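Worksheet: one structure, shown below.
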Amino acid sequence: MKSIVFVALFGLALLAVACSASEDAHKELLKEVVRAMVVDKTDAVQAEERECRWYLGGCSQDGDCCKHLQCHSNYEWCIWDGTFSK
């Protein structure tokens, strides 16, 4: 009888250790996923800042617009600058 109780308690202790190790691994995985999401958002913001604005895209200066476009002074959107080239 004592040995059965001892084995049952020992089994429960092993199960608790295994669950706690699994929980730690789960927490680490969650941290990695969150880090990856934050890095991806940071990269996306940087990419948006470098891209030019297309036709009728909002702008504040000519440098914001793509090639052959200029920033319209009244409406602040990119319009064609009247040039042709390849």
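Cβ coordinates are placed from backbone N, Cα and C, and glycine is handled just like the others.
Swiss-Prot lists Cys52-Cys66, Cys59-Cys71, Cys65-Cys78 with the feature disulfide bond, giving similarity to another entry as the kind of evidence. Residues annotated as signal peptide in Swiss-Prot, with sequence analysis given as evidence: 1-21.
Here the C-alpha separation of Cys66 (disulfide bond) and Cys59 (disulfide bond) works out to 10 Å.
Between the CA atoms of Cys59 (disulfide bond) and Cys65 (disulfide bond) there is a gap of 7 Å, rounded to the nearest whole number. Cβ contacts within 10 Å of Cys71 (disulfide bond), excluding its own Cβ and spanning all protein chains shown: 20. Here Cys52 (disulfide bond) comes close to Asp64, Cys65, Cys66, Lys67, Leu69: these same-chain residues lie at least six apart in sequence, with C-beta atoms under 8 angstroms from its C-beta.
Under the three-state DSSP scheme, Cys71 (disulfide bond) falls in the strand class. Less than 8 angstroms from the CB of Cys78 (disulfide bond) sit Arg53, Trp54, Tyr55, Leu56, Gly57, Gly58, Cys59, Asp64, Cys65, Cys66, Leu69, Gln70, Cys71, His72, each of them six or more residues away in the same chain.
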